[in-house]
Amino acid sequence: MKKLIIAGKEFNSRLFLGTGKFNSNTVMEEAILASGCEMVTVAMKRIELDDKEDDMLKHIIHPHIQLLPNTSGVRTAEEAVFAAQMAREAFGTNWLKLEIHPDPRYLLPDSTETLKATEELVKLGFVVLPYCQADPTLCKRLEEAGAATVMPLAAPIGTNKGLQTRDFLRIIIEQASVPVVVDAGIGAPSHATEAMEMGADACLVNTAIAVAGQPVEMAIAFKEAVIAGRRAYEAGLGAVGQNLIASASSPLTSFLD
């Protein structure tokens, strides 16, 4: 399986994890390690920036993991830039998951503010991974603005509804020149497999693992699902559902003749 490359950095795993909703930091850490992921995102609002010994950080920081602070909770591009600068100073990384969703009920990303913030943050030297609507035109604009990836949603955050935007995701994947990370709404390993079979470069999962009866086992299931989907894509997955006429894999014609 090919390695994933983002901003010149190689990743063996194509599964990214979020850190919210786990019932304990210990379970969160066990799930992160079991998943084999190398990219972990954490909301700045959940971290005590003045406390270098913050207990949550102790469970996230490992040598093989790229920490990806996110700006969840900000409502404007201006707030996002301010939060990003704080994150860079606090965590010593210029990698950033950009999230701007002014509506606290549905947490849908604001496209105008996201594009504006991406342009500004790239100028400031950040590696920007923007969470965005599954809008092919917007994703191209974000790419042109210098985004290191685009992260279109599959469904609203935390809903576990799967690939509700699959038709738009296909277009985004086809057009993109940067990695496409399917983010939000992935609720089952089968959803992750489908996204990877479509050609997505990675999936970001949080709720489906964190609220599972056995989060560590679910993390392993997602790890295997992402690998299976990517292998199928790289192997040249056959067209599915486009031909309604049956075709035998081992016809008996010559044998009967």
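Cβ atoms here come from the backbone N, Cα and C positions, even for glycine.
Long-range Cβ contacts of LYS97 (active site, schiff-base intermediate with DXP) within its own chain (separation 6+, distance under 8 Å): THR41, LEU68, PRO69, ASN70, THR71, LEU129, PRO130, TYR131, MET151. As annotated by Swiss-Prot, active site, schiff-base intermediate with DXP applies to LYS97, with the evidence given as sequence analysis.
Residues or ranges marked as 1-deoxy-D-xylulose 5-phosphate binding site in Swiss-Prot (evidence: sequence analysis): GLY158, ALA184, GLY185, ASN206, THR207. Applying an 8 A CB threshold to same-chain residues 6+ apart, the list for ASN206 (1-deoxy-D-xylulose 5-phosphate binding site) reads LEU17, GLY18, THR19, GLY20, LYS21, GLY158.
Apart from GLY158, ALA184, GLY185, ASN206, THR207, the 1-deoxy-D-xylulose 5-phosphate site neighbourhood in this chain, defined by C-beta within 8 angstroms of the site C-beta centre, holds GLY18, ALA155, PRO156, ILE157, THR159, ASN160, ILE186, GLY187, VAL205, ALA208. Across the residues annotated as binding 1-deoxy-D-xylulose 5-phosphate (GLY158, ALA184, GLY185, ASN206, THR207), the two Cα atoms farthest apart lie 9 Å from each other. Residue density at THR207 (1-deoxy-D-xylulose 5-phosphate binding site): 18 other Cβ atoms are found within 10 A of its Cβ, drawing on all protein chains shown.
Highest Cβ count within 10 Å among the binding-site residues GLY158, GLY185: GLY185.
Note: ALA184 (1-deoxy-D-xylulose 5-phosphate binding site) has non-local neighbours TYR131, LEU153, ALA154, ALA155, PRO156, ILE157, GLY158, LEU204, i.e. same-chain residues 6+ apart with C-beta under 8 A of its own C-beta.
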